[in-house]
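Structure first, commentary second.
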Amino acid sequence: MAGLTTAFGGRLILWFLVLWISITAAQKPEHAISSFDNPPARVFFFDDTLSVIYHDRISGNLYVSQDEGKSWKKAEGIPERSVSVVIEHPYDTRLAFALTEGTKHYRTEDRGKTWRPFTIPDSPAVVARPLSFHSDPKKWRYVIYQGTKCEGIVCYDVAYYSKDAFSDEPKLMLTDVNRCQFAHSNKDFKHDAHPDLIFCVASDQRTVTGAHNLASQRLYSSTDFFDKDKKVEDLGIGKNARGVVAFAIVSRFGVVALKDLSRSDGEMQLYVTTDAKNWAKGHFPHASSARLRENAYTIVESTTHSLGVDVVLKDRSTIGTLFLSNSNGTYFVESLKDTNRNEQGFVDYERVYGVDGVGLANVVANAQEVEGRNAPKKLRSMITFDDGRRWQPLRAPPRDDEGNRINCDPSDSEKCALHLHSVTTPHNYGRIFSSPAPGLVMGVGTVGPHLGSYEDSDTFLSTDAGLTWKMVTKEAHQYEFGDQGSILVVVNNEDWTSEIKYSLNLGKTWQTYDFGIKIRSRGLITLPDSTSQKFLLLGLTSRQDQEKDMRLGKVVVIYLDFAKTRKNKCTEKDFDKWYARPTGKRECIMGHKQWYKRRKVDADCYVGEKFIDPEGHEENCECTEEDYEWSVVVYFFVYFTDAPSLSDYNFVRNGDKCEPAGPEPVPPGVCTKNDPTEKYMGSSGFRKIPGNTCVGGKKLDQPVEKYCSKARPAEGSVIHTKFQFDSPIVQFAYFPESTTILVRLLDESIWQSSNEGYTWSQLFKNERFVAFYHHKYSNERAYLITRTKKFYYTTDTGRSWNTMTAPNPPNTFDARVLRFSPSDTDFLIWTGNADCERGKTNCHAEAHFSRKNGRGWTLIDKYVRNCAFAEDKDLSADPSDIICESVKEKKGMQVKGARMELVAGSGYYQGRKRVLFENVVGFAKFSEFLVVAGLQPETKSLELQVSLDGTHFASGKFPPSMSPNTHAYTVLESTTNALFIHMTMTTAPPPAPQWGTLLKSNSNGTYFGVSIENVNRNERGYVDFEKMIGLDGIALVNVVQNVDVLAEGGGVRKGGLGMGSGTTTRQVGELKKLQTRITHNDGSTWRPLTPPVVDSLGNKYECEGTQCALHIHGYTARRDPRATYSSPAAVGVMMAVGNVGTHLAPYGDSDTFISRDGGFTWEEVHKDAHMWEYGDSGSIIIIVNDEEPTDHLMFTTDEGLTWKEYRFSEEKVRVMAVTNVPSDRSRRFLLFGTQEGRKGGSVAIHVDFTELTSRQCLLNEQNPGNDDFELWSPSEDRVELCLFGRQTLYHRRVRDAQCYIGNQPKVEAKIQRNCTCTRVDFECEFNYIKNDKDECVLVPGTTPLPNDDSVCKKGEEYWYERTPYRLIPYSSCEGGTRLDRGTAHRCPGVKSKSGWFWMVMLVLPFGFTALVGYWYYRRSGMARGTIRLPGGDNRAPGSTFGSGSGVLDTLASVPWFLVGMAGIAMDWLSSKLDEGISRSRRGYRNVPIDEDAQILRFEDED
């Protein structure tokens, strides 16, 4: 019995052993190896099928597998070496197309089992996607084919269409196309447009070579395949919708990239639609720097409720800023700064698949060093759990894969965080980090302060969508997810390997499987939905293995089957409910929580739901403020349009409040009692974000009760609202291109209105502010300065304000507190007080630099007076240079008058510092000029230094007796390639009367000649000089007529002409007698103003002789310097206060005048002195009495022909300022003043003219006689209508047209032709001055400039001796009388070039461009405005097999560098052939500057 028991026990043990062995064997995966000659251009699965396609582009062969890649065979029915590209249908999983380079192509309808040929007349175009498909299941067989037609050497792209997947005869649809796409081609782009709507980017003209001018490219649409219906999409901007670079459908947005043809800086514009009908412009914050430029922005992977765009803020940079839009893609906010990208436009950004709100990105931690001194990038990885609102570092795992502690502290995220390689360094096919496996994220990276190299990286896993991480294996591995994440597979990607590692329990434990041969892994893929247990491993085999086994090819595909590793299929008990976002990490996105059913970690089973994507479940949340947005659907597209159907229905955000942009329309039948207390139910201004599913909670979109008095009035009416401030106004300013205005009061409070003064709110009631600054280069940014280190800033036009800490309190040394950079809107310079507390003896000013808008500061220098960025809008200095006026001896108290050096520091003052000048009075930037006032210590005299690049300076040369070393001077504005300087000629100091000579420079700002003498200035250095806005070359001055008498008396009588800031002060003596002069040729000649014949009452003037003229008050008599004669929106119109007589009368004795033709003729419009303001581009002008308190204003809608009165107050108000939005395009005005009877306060009166008329003016450029505009040209007193040597025509509204202009795109001036040169195109040369006969004569005691033959070095055939005249720099006249040319002399050596030289010079640009262009066209597939989208055949940089990552929605602009490359080559070759010409081509002009700075009084006043 015992023996039996023993035997039975032995058999039992043996049985268990066999069972254990069989189980163990069952847990191992299986594999099969297939060989190929070349790596694949593409490998893809037909979605939800077992069929796989392998395309060998090198050999032109196509291979098909019907068993998930286990076995392969060549595609049946396709000839060998013929396939150029293979494209699968994105929706019909049976269809795919194999295109050749010819006209015969192939189609499969059974997932690659069989292929049938079809023919199209033209070969496929070399674009990323030559086929476009329809997303409607009923029309899946609709296909658009883009081909290239060649007629001789002329080639252009054409589009064909088929309604039966090419079983029918393809029909030609459109020629000269760039891209065609069905409007219904993306399932997320849901709209009710016509089912056959097609968009095409196409050209309406081509050159003889077949090329297309970008200006001819437009977006067309059709609903009948362009048979009879062909519509130009005007994008809401009419004729300006030209220059379309690309069109794409991204998520639920249709996007058009448009190049602004009116600019030369390559700026792009983005237009977006969500319904395929209405288009709106995408608006970005900090508009001047977040510009969309060619090859400088990428549309990244986007959600259905937000569009993501990464923008390069600096030219030639690979550092961007990520912006995310509102729900309709029109308004963008900054999400993440310093994003990493590469030259191809790929951005290190990816959303975690299937998990709302979670995304990963890489940022450049040392962006300043990278851009400043080209340092290597230090990348850091960031993650967001709330759709980009907040970003944080990736939490580092505490231990490595062996359980050892990592060598840093994970609680210190600055020094110890996880950083992962991303899109710019792809290491596998498909998505970088995630897959449809719920919540599983993997990556290759390093732990530390920043990302290490790929070779030093390890492999990490997160099972909770990136919240926590663990290291799963050392070294870099490729990875893939299978069976909904229940299988994880990794393979070494750094070295040769013969094994894989896999985990069946979400990375808890790992096993190894050896597949028998050594490979270098190049790809690991599975079914796109990650539901299969089969994987494909692509690799390169070693030569040794190929020699051992002759069946092995250079490339192998290893089929890995994990089906037998587990026997049981999971049941319901094997699953957990996994929530996509953890508690405390903003669980709700778009109004709901999200969860998936996911297999438990230790469940020993397979999911087995093949081809069934993991299903996300939603639980709705209660509504909060984050579920609503402001009703600004079209507001940002119509900034200043006053059309009732647009902006008046909209609301603006003011902090947490939602305020109407203006009076809103009321429902019919309400507000009929004319009772101011009557109320109605109106819009709250909020709406739930489209697609948001929240329920209950806050209901911000419900109607609210409002007073009828706030509703819109009847048409033809004017309305106003009044707001009382408790303190006088000391500062006010609009945000540029906005309806938001800030006001600072004497009590140091700041108030904001987001609707042009209609409503007001106080900002931060408990704070006191000493100033506010608007960002000079970013329209949406402003800064509120307190007396402490704390300051407030906004990046969204005051919709929200945030606090930041400065390095020290604002300075008390009269230096500007903040300076801004034109290159990067986050770059700031702060100048503050240091060691200035009571009792300190070394109080001084310090300047600090921030590259993150105040988040972190770096010391620039101590003991400074003025620090600024060297670069400016038109001054192309080094963007990283900072220039400072720095005290030479830095000790003790900083005092005024201390000796200042001018120091330039490279690398944002952290690199090499160089002293430009050892003793300076000040510096300033004017347009393209950097002007420095230097002090010569030996002679104690001033010297003017001018630079065009911030590096090279030249001394200003002045006529004798007019050197700045003996005179005070004021540098005036420059807009016409020349500097104007006022040189004070009086010797007696103020308050003695002041006047001087106006000098004008040549185009380099170095040689100055006399423009006009005796120009008036006041004791503060301000000059009666003003240029007309919008018409270059027109300027007005006031000259002192009685200088001889004043010079003898040396004084000025009390009283005078001004209003407190004018030319007069306190000393008894002769009063200045001022006369006005105007120039229409940039200061060459000056004339009196022609007086009107009669006054505003129809009476003749008392002064009627030839000595009578119109004289007007200028800059020195102006209370508000912003109240200029002219407006940028009303071309040719000027208003002024003055009188007709022999000289200018006091301000209180003056009347109000208008000119419509640039100052040639004038009319008196009203008696008494008035302030004025332009609105709606000049279609409305209002004037308000400026002599005494008033209760009404006057307005005209016909430029002064008729005037109407509007009463705005019951009590009289002393109006101190009248303002409109900066562009003068709004019909709402704002009056500031003080009210009689109220002491210590002030009042703001909002006057709304939007209901005067509802008809918008019609502009018809094609038929100018049948619209509301006329063509007008400023006229010289001659036959030709020329100004600056050219006849220029402008559109202006017909004077009595009863319509409003609104926000119609401004029509650029038309240059009809250049005129022949006449006397008015010339001015006096250096050392010459005009005599009484208007001739240029040599100043006694001086000599002419020597002759200059340097033009010969520029390739000219002749050089000319100098004359007393020089051509006005801004003139473009041709031929005619050339007063600037004396005797002609032939240049030496011009005819000596060999024939071969000229052949090279002529032929090389064309040959080189053709060569480069052909190579680029055939190889890159990006010679057009292509848009790389998921699933396209897009080569990702660094990808061995040429397959893109498949996740980037990349909208790449057209690269315009072919001509530049040819030019470089030509310059190089020509320099080798003729060094002399090459060297002479570089002149002095090195740089461009500031167009806002107006006056330099030995300090920068901008």
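Each residue's number is its place along the chain shown, starting with 1.
Using the three backbone atoms N, Cα and C, a Cβ is placed for every residue, glycine included.
Small disclaimer: the values here were computed from a predicted structure and weren't measured.
What Swiss-Prot records for 1-26 is signal peptide, and it gives sequence analysis as the kind of evidence.
Mean pLDDT for the topological domain 'Lumenal' (27-1394) in this predicted model: 85. Per Swiss-Prot, the feature topological domain 'Lumenal' maps to 27-1394; the stated evidence is sequence analysis.
Below 8 angstroms of C-beta separation, residues 32, 34, 36, 45, 50-56, 80, 111-113, 527, 532, 534, 536, 557, 559, 561 of the same chain, each at least six residues beyond the ends of the repeat 'BNR 1' (63-74), sit close to that stretch. As annotated by Swiss-Prot, repeat 'BNR 1' applies to 63-74.
As annotated by Swiss-Prot, repeat 'BNR 2' applies to 106-116.
Under DSSP, ASN328 (N-linked glycosylation site) is assigned to coil, being neither helix nor strand in the three-state scheme. Feature annotation from Swiss-Prot assigns N-linked glycosylation site to ASN328 (among others).
Positions annotated as repeat 'BNR 3' by Swiss-Prot: 460-470.
The feature repeat 'BNR 4' is assigned by Swiss-Prot to 502-511. Beyond the ends of the repeat 'BNR 4' (502-511), by six or more residues, the same chain brings 29, 440, 461, 463, 470, 472-473, 485-490, 562, 565-566, 601-602, 604 to within a C-beta distance below 8 angstroms of the stretch.
Annotated repeat 'BNR 5' per Swiss-Prot: 792-802, in sequence order.
Per Swiss-Prot, N-linked glycosylation site is recorded for ASN1004 (among others).
Taken from Swiss-Prot, the feature repeat 'BNR 6' covers 1078-1087.
Summarising the annotation, Swiss-Prot assigns repeat 'BNR 7' to 1153-1163.
Annotated repeat 'BNR 8' per Swiss-Prot: 1195-1204, in sequence order.
Under the DSSP three-state reduction, ASN1314 (N-linked glycosylation site) is assigned to strand. Positions annotated as N-linked glycosylation site by Swiss-Prot, on the basis of sequence analysis: ASN1314 (among others).
The transmembrane segment annotation in Swiss-Prot covers 1395-1415.
Here Swiss-Prot flags 1416-1502 as topological domain 'Cytoplasmic', drawing on sequence analysis.
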**Study point:** Largest tally of Cβ atoms lying within 10 Å of a Cβ, found at which of the glycosylation sites ASN328, ASN1314
**Key:** ASN328
Check your understanding: Roughly how many angstrom lie between the C-alpha atoms of ASN1314 (N-linked glycosylation site) and ASN328 (N-linked glycosylation site)?
Key -> 46
Exercise for review: Using a Cβ cut-off of under 8 Å, list the residues of the same chain at least 6 residues beyond the repeat 'BNR 7' (1153-1163) that approach it.
Suggested key: 1028, 1031, 1034, 1036, 1078, 1080, 1089-1092, 1096, 1110, 1112, 1132-1138, 1181, 1199-1200, 1272, 1274-1275, 1295
Revision key, fill the gap. For the repeat 'BNR 4' (502-511), the DSSP residue counts stand at 0 helix, 3 strand, 7 coil
